[in-house]
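Structure first, then comments.
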Amino acid sequence: MAIHVTLLVVILVVLPFPSHCADPDPLQDFCVGILNDTSTSINGFPCKPASQVTSDDFFFDGLTKEGNTENVFGFTATVGNVLAFPGLNTLGLSMNRVDFAPGGLNPPHSHPRATETGVVIKGKLYVGFLTTNNVLHSKVLTAGEMFVVPRGLVHFQMNVGKEKAMTITAFNSHLPGAVVLPTTLFASMPPIPNNVLTKAFQVEASVIDDIKAKFGS
């Protein structure tokens with residue numbers, strides 16, 4: 001009997017459960033999110049009653065327009081996640097459009113809740129990610145080429161061409177989240193104490209203050 005119990009425990013541990021996915025599996029055909037509902041919800045928004053759902057809930061044109069890249073990084077990400085497209089609620093996927101000015105950078109960041117894949121639509125992008133062993137995997141991609149970034153790993157894209165660039169990215173979460181390293185470290189509120197950052201980066205406080213000033217912190 002003990003052997004059977006042990007075997008059952010091992011099977012339960014090693015078998016892939018749906019809960020190991022980025023988002024839980026849905027239990028209905030759809031669940032169009034009610035974004036302004038204040039009730040507590042876990043891993044998604046409350047569902048709009050099926051009788052109130054229309055065809056428009058399943059279509060989104062937010063990625064058709066070029067984003068404004070006139071900022072310090074020279075890029076912008078137009079999100080197609082559940083917050084912009086409630087029809088994605090509980091379905092476990094989302095997409096972004098990322099536009100780059102010449103020389104523009106999507107700075108080092110990570111998505112804590114999703115793996116990312118993308119395809120370059122136009123331009124020339126230097127794409128890279130770092131493993132937990134501090135190994136950089138990178139390549140210059142042109143239109144039609146694809147990349148993948150494993151969940152949670154720090155990555156970036158930079159336009160190394162002379163013209164504008166654009167990529168469409170997809171995630172296996174309706175709300176992948178983003179931890180953008182420069183703003184997370186140097187523009188958080190309340191701010192990370194300078195003695196933490198000076199120790200982490202082995203620089204003087206004046207260097208930290210200068211970087212924070214660039215981000216308005």
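Just so you know, glycine gets a Cβ as well, placed from its N, Cα and C.
Listed in TrEMBL for this protein:
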BINDING   N96, N106, H111, E116  oxalate binding site
BINDING   H109, H111, E116, H155  Mn(2+) binding site
DISULFID  C31-C47  disulfide bond
DOMAIN    61-209  domain 'Cupin type-1'
SIGNAL    1-21  signal peptide
Of C31, C47, N96, i.e. the recorded positions, those within 10 Å of H155 (Mn(2+) binding site) when Cα atoms are compared: none
So what sits near H109 (Mn(2+) binding site) in its own chain, CB-to-CB under 8 Å and at least six residues off in sequence? V154, H155, F156, A178, V179, V180, L181
CB within-chain contacts under 8 A for E116 (oxalate binding site), separation at least 6: V148, V149, H155, T169, A170, F171, P176
Taking 8 Å from the centroid of the Cβ atoms of H109, H111, E116, H155 as the cut-off, which other residues in that chain fall inside it around the Mn(2+) site? S110, F129, V149, L153, V154, P176, A178
Please report the Cα separation of N96 (oxalate binding site) and C47 (disulfide bond) in Å, rounded to an integer. 23
Measure from the CA atom of C31 (disulfide bond) to the CA atom of N106 (oxalate binding site) and give the result in Å, rounded to a whole number. 32
Measuring Cα to Cα, tell me the gap between C31 (disulfide bond) and H111 (oxalate binding site) in whole angstrom. 23
Taking every residue in the domain 'Cupin type-1' (61-209), what is their average pLDDT? 97
Cα-Cα distance linking H111 (oxalate binding site) and C47 (disulfide bond), given in Å to the nearest integer: 25
Taking DSSP H, G, I as helix and E, B as strand, the domain 'Cupin type-1' (61-209) contains 22 helix, 58 strand, 69 coil
Proximal but sequence-remote residues of the same chain as H111 (oxalate binding site) (Cβ under 8 Å, at least 6 apart): V149, R151, G152, F171, S173, P176, G177, A178, V179
